[in-house]
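Read the structure below first, then the notes.
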Amino acid sequence: MTKAVIVSAARTPVGSFLGSFANLPAHELGAIVLKAVVERAGIDPSEVSETILGQVLTAAQGQNPARQAHIKVGLPRESAAWVINQVCGSGLRTVALAAQQVLLGDARIVVAGGQESMSLAPHAAYIAPGQKMGDMKMLDTMIKDGLWDAFNDYHMGTTAENVAGKWEISRAEQDQFAVASQNKAEAAQKAGKFADEIVPVTIKSRKGETVVDADEYIRHGATLEAMENVRPAFSKEGTVTAGNASGLNDGAAAVLVMTEDEAARRGLTPLARIASYATAGVDPQIMGTGPIPASRKALEKAGWSVGDLDLVEANEAFAAQAIAVNRDMGWDPSIVNVNGGAIAIGHPIGASGCRILNTLLFEMQRRDAKKGLATLCIGGGMGVALCLERP
């Protein structure tokens, strides 16, 4: 039976909150990577059957931002484009959906990925019913729609505190993990390891043009001493800080998916085959542990064991949850996030799933790795995972 394959991949640099991409809507970031994956695959844009993009923060962003990106870059008006919102897992779930589309014969070529501008998430107020007098509360849609647990009425950071308590993960462990992530990302950036996956973004302003070609959130020279001085963010006695958590970020990433037979017919060499994918649910209070059941399901579907994996990209929403995932999965930590993770690189929520997939794909190619896994935790208590294989 033919498999779904990824024939090209690309991502933008990850921008800091209110940083270089502060005024760039998500669909414009998305358009950049859509164009890049089509060009890198060497196919005619008119042959793209469908575009599927993850995006969490869509309030006031206009109708169907995936369609906006699709049309902006000149992909066919005759083919469809749509957004999914599975919170932090969106950008990876779209790739699983793309695989399903091509394997079922519902599409021949699908572009999948994610786009997000956390900087442009608006504040909003419910004024339609009218308010005769008194103050009016403005709602931060970034927090409400992206970072707030709807079931327990608290921030995602509190779920990380829950995991830290239940898994007995100390502040020291979290800080050490976070510094290691920063140091690995710094080393990777200096060595040019992200260059192949990144598409430079040109920012136009009254002062001229600026080209952004590197992730801007990575903190060079991060030390444990500095990390230890950051105050807890969600509880006075807590262990989760801004330093050992991922950031608020902007960015986009995409891959181009078709069947193995289609790639062979076109003479294209895939970056990897999609061996399996899975989602799973957990208690929303410990949402950060979602990758544990999701990864186990994906491995079982692929017929693999943890020991078969050569590389893992496990999103670092928080150091606490990342440590818990590593512990319970029992995989070799030396193969996990070898170039740093979201604590260092950043977490543009709807795009992160495809960002980690990009990083995994290019590192597998660099190391000639045969089996890899990408996984993320998801707000609301879920996880998503996808297994890749190379010949």
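The backbone N, Cα and C atoms fix where each Cβ goes, glycine too.
Over in Swiss-Prot, the protein carries these features:
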ACT_SITE  Cys88  active site, acyl-thioester intermediate
ACT_SITE  His347  active site, proton acceptor
ACT_SITE  Cys377  active site, proton acceptor
Exercise. Expressed to the nearest Å, what is the distance separating Cys88 (active site, acyl-thioester intermediate) and Cys377 (active site, proton acceptor) at their Cα atoms?
Worked result: 7
Exercise. Between His347 (active site, proton acceptor) and Cys377 (active site, proton acceptor), what is the CA-CA distance rounded to a whole number of Å?
Worked result: 12
Seminar exercise, completed: DSSP output for His347 (active site, proton acceptor) maps to coil
Exercise. Can you name the residues of this chain that are 6 or more positions from Cys377 (active site, proton acceptor) yet have a C-beta less than 8 Å from its C-beta?
Worked result: Cys88, Gly89, Met287, Gly288, Thr289, Gly290, Pro291, Asn315, Ala317, Gln321, Val325, Gly383
Exercise. Should Cys88 (active site, acyl-thioester intermediate) be counted as helix, strand, or coil on the basis of DSSP?
Worked result: strand
Exercise. Of these active-site residues, Cys88, His347, which scores lowest on Cβ atoms within 10 Å?
Worked result: His347
